[in-house]
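The structure under discussion appears below in the form of C-alpha cells.
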Amino acid sequence: MDPSADTWDLFSPLISLWINRFYIYLGFAVSISLWICVQIVIKTQGKNLQEKSVPKAAQDLMTNGYVSLQEKDIFVSGVKIFYGSQTGTAKGFATVLAEAVTSLDLPVAIINLKEYDPDDHLIEEVTSKNVCVFLVATYTDGLPTESAEWFCKWLEEASIDFRFGKTYLKGMRYAVFGLGNSAYASHFNKVGKNVDKWLWMLGAHRVMSRGEGDCDVVKSKHGSIEADFRAWKTKFISQLQALQKGERKKSCGGHCKKGKCESHQHGSEEREEGSHEQDELHHRDTEEEEPFESSSEEEFGGEDHQSLNSIVDVEDLGKIMDHVKKEKREKEQQEEKSGLFRNMGRNEDGERRAMITPALREALTKQGYQLIGSHSGVKLCRWTKSMLRGRGGCYKHTFYGIESHRCMETTPSLACANKCVFCWRHHTNPVGTEWRWKMDQPEMILKEAIENHQNMIKQFKGVPGVKAERFEEGMTVKHCALSLVGEPIMYPEINRFLKLLHQCKISSFLVTNAQFPAEIRNLEPVTQLYVSVDASTKDSLKKIDRPLFKDFWQRFLDSLKALAVKQQRTVYRLTLVKAWNVDELQAYAQLVSLGNPDFIEVKGVTYCGESSASSLTMAHVPWHEEVVQFVHELVDLIPEYEIACEHEHSNCLLIAHRKFKIGGEWWTWIDYNRFQELIQEYEDSGGSKTFSAKDYMARTPHWALFGASERGFDPKDTRHQRKNKSKAISGC
C-alpha cells in the first residue's frame with residue numbers, strides 16, 4: 001500500500017476547507033448579522049409594548065431583567081440663603097425668603113456669613129445645583145457688617161487672585177439683594193454691589209438682577225426697604241420656578257451698565273463669549289461703571305447697539321462707554337419730561353411719603369413711643385415717673401429747676417442726620433439731610449402730643465406710691481424737651497411749633513446735633529438751646545456720630561459759631577464715652593471758645609442695653625468719679641467757667657459761665673414765669689424787643705450745687721436706690 005496516498009486521503013478535507021474558507025467566513029458573518037437584527041427587533045417590540053401599557057410620565061426600562069423607574073432631571077436641588085446682618089433686618093429677610101422657597105418644595109438653608117468659611121465650602125456650590133442667595137447690608141463708611149466682614153474680604157481677594165482664575169466659580173448660580181440707605185449716597189448698597197461683582201468676576205452665573213433695598217422711604221422704589229425686598233422676592237421666586245422646570249429665562253451676561261441689561265438682544269450669547277475679556281478689563285480700569293449690574297426689565301433698542309454684540313477692540317471701549325453714557329442721559333431726560341421722575345418719594349396718590357413706615361411704627365411702638373401723624377412722637381420719660389412717686393427728678397431739675405413730672409418729651413421730627421453709636425433708640429429712626437417727607441402741621445402735632453402725654457400720665461392714677469398732688473400737676477404740661485429722638489430743627493415749621501409752645505406757657509428745651517448751622521441762626525428764641533458736642537476732633541466725631549453730611553466737620557464748627565450769637569441760654573452737651581472721647585481735653589477747650597456757651601453739661605454715656613447696631617458695652621460707661629475728674633481737668637483749661645452743679649444719679653455735672661455767679665451765688669435756675677413774659681413782649685414787638693439769658697435766671701438752691709452732701713438730689717423727695725448699686729445706666 002502506497003503511504004503517500006494514505007496521507008492525501010487524511011488531509012484532503014482540511015485542504016478543501018482551506019480552499020473554500022472565504023465562503024465559510026461569509027456564512028458566519030451573515031448568520032451573526034441576522035441574529036443581531038432579530039434581537040434588535042425583539043427589544044424594540046418589547047419597548048413599544050411597555051410604552052403602551054405604562055403612563056408616559058412613569059415609563060419603565062428593562063435593565064438586566066429588572067424594572068427600574070426612569071430618573072427625573074433635577075435642575076435645582078435647593079436654595080442656600082446667606083445673610084450678613086448688623087441690626088437683624090437681613091436675617092429677618094432671610095427667614096421670610098426661606099418660607100417662600102419652602103412653598104416650592106425645595107430644600108432651603110439659612111446661613112450666617114459669620115459662621116461660613118468660603119475657602120472650604122464656596123467651591124462646592126459649583127456642582128451642587130443649588131441657587132445661592134446673598135442678603136448683605138452696607139454699614140458704616142460703605143463697609144460690610146461685622147458678620148460679613150471676613151466673607152467679603154475673602155471674596156474680594158479671590159476675585160483679583162490669578163491663582164483662582166475667571167472660572168473658579170463657573171457653574172455656581174447666585175442672586176444678590178443689598179440693604180442700604182441712599183441718604184449715604186456715596187456708599188449706597190456698596191457691599192451688595194461688590195459681592196455681586198466679585199462673584200461675577202470668579203465666573204459665577206447671576207440668575208437675576210441684583211436687588212437694592214433702601215431704608216430712605218423717600219427714595220425707596222417701593223416706599224420702604226421691606227417693600228423693596230417683597231418686590232424683589234416675588235421676582236426671585238418666579239425665576240426660581242422657571243429654573244425648577246429647566247427653563248432658561250434670558251438673564252444678564254454681565255455686560256450691563258447702570259442697571260440696563262443688554263442680553264435680551266439677538267446674538268447676546270455670542271457677545272458673551274467674545275467680549276467677556278474686554279469687559280472685565282474695562283471693569284478693572286473703571287470700577288464705577290459697574291459692568292456687572294443687570295436688569296431683566298429694561299432693554300436696549302435700536303440699531304445703534306448692534307455693534308455692541310460683536311467682538312470689540314480694546315481701543316474702541318472708550319467710545320462705546322461714552323455712547324452708553326450719552327444714551328443713558330438722554331433716556332433719563334426723556335423720562336423726566338414724561339413725568340416718570342415726578343413721583344420720586346411720593347405714594348400712589350401723588351403725595352409725599354410718610355416718614356413713619358409700618359415697620360418703623362411697630363419698632364417705635366414697642367419702645368413705648370406714642371406716634372403722632374406721619375413724623376412725630378412723644379414718650380414718657382423715666383424721670384417723669386420717678387417724680388410722680390416723689391423719688392426725685394432728672395438732672396434738668398437739679399440744674400435748671402424743671403419739674404420733671406410736668407415735662408413733656410417729644411419731637412416733631414423722628415429723622416436725624418446722624419447715627420450716633422450711643423443712640424438710645426437703637427437706630428430705628430430714619431435718617432436724612434433735608435426734609436423730603438409728608439409734613440404735618442405744628443398745631444396738630446402739639447395738640448396730639450399734649451393729649452398723648454396726658455393719657456400716659458393718666459395711667460398712673462391709683463398706682464401705689466404716686467402722689468396725688470404730683471399727679472394733678474403732671475396733667476398740665478409746663479416744659480417741653482425737644483430731645484426725644486431725631487433732629488427737631490429739621491422740621492420746616494419748627495419756629496411755628498416753638499411759638500405755639502410759648503403761647504401755651506410751655507418752656508422750650510431744644511437739642512440739636514450741630515449739623516444745621518443755618519437753621520440754628522434762623523431759630524426763634526427758645527428757653528434753652530442745646531448743641532450736642534459728642535467729640536472734639538474730626539476723626540472722633542465721625543467715629544461716634546457717624547454723620548450723613550460729607551462736610552460734617554465744617555457744619556459742626558459753624559453750628560457752634562452760630563450758637564455764640566444767640567442771646568438766650570445756650571448749652572454744650574458733652575457725652576463721655578470711655579476709651580472713645582475722654583482724652584481730648586485741649587480740643588474740647590478750643591471748641592468752647594468757638595460757641596461761648598452759657599453752660600456745659602458733661603455726662604457719662606447712657607447704657608441702653610445690648611444692640612446689634614452699637615458696639616457699646618457697660619465698659620464704655622465712665623464711673624461718676626471719672627466724669628468728675630474729666631470736668632476738673634476741663635475747667636482748668638477754660639478760665640471763664642467753673643463747676644456749678646452735680647447730679648450724681650445721672651452721672652452728670654454742670655459747668656457754668658462765671659456771669660451766672662453773682663455775689664458768690666450761682667444763678668443757673670430759670671425763672672419760667674419771667675421767661676414767658678419776655679417772650680410775649682418779644683412777639684408783641686415783632687422781634688424788636690430782645691432779651692438775654694440773664695434776664696430770666698433764678699438762684700440755684702444749695703442742695704443742687706457741686707460739693708453739697710445731697711449730690712444733686714432734691715431733699716423734698718425720698719431717695720430710692722436699688723439694692724445692688726452699680727453704674728448709672730439710664731438718664732434723660
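Cβ coordinates come from backbone N, Cα and C, glycine included.
Summarising the annotation, Swiss-Prot assigns FMN binding site to 85-89, 176-208 and lists sequence analysis as the type of evidence. As annotated by Swiss-Prot, [4Fe-4S] cluster binding site applies to Cys416, Cys420, Cys423. Here Swiss-Prot flags 259-286 as compositional bias 'Basic and acidic residues'. Here Swiss-Prot flags 287-301 as compositional bias 'Acidic residues'. Taken from Swiss-Prot, the feature domain 'Flavodoxin-like' covers 79-237. The domain 'Radical SAM core' annotation in Swiss-Prot covers 400-644. What Swiss-Prot records for 248-314 is region 'Disordered'.
In this structure, the CA atom of Val176 (FMN binding site) is 29 Å away from the CA atom of Cys416 ([4Fe-4S] cluster binding site).
In the structure as shown, the Cβ atom of Ser186 (FMN binding site) sits within 10 Å of 8 other Cβ atoms. According to DSSP, Met201 (FMN binding site) sits within a helical segment. Asn181 (FMN binding site) falls within neither a helix nor a strand when secondary structure is assigned with DSSP, and so counts as coil.
Reduced to three states, the DSSP call for Val191 (FMN binding site) is helix.
Straight-line distance linking the Cα atoms of Ser85 (FMN binding site) and Cys416 ([4Fe-4S] cluster binding site), rounded to a whole number, equals 22 Å. Summarising the environment of Val191 (FMN binding site), the number of other Cβ atoms within 10 Å of its Cβ, over all protein chains shown, is 25. Across the structure, Asn181 (FMN binding site) and Cys420 ([4Fe-4S] cluster binding site) are spaced 16 Å apart at their Cα atoms.
According to DSSP, Arg206 (FMN binding site) sits within a strand segment.
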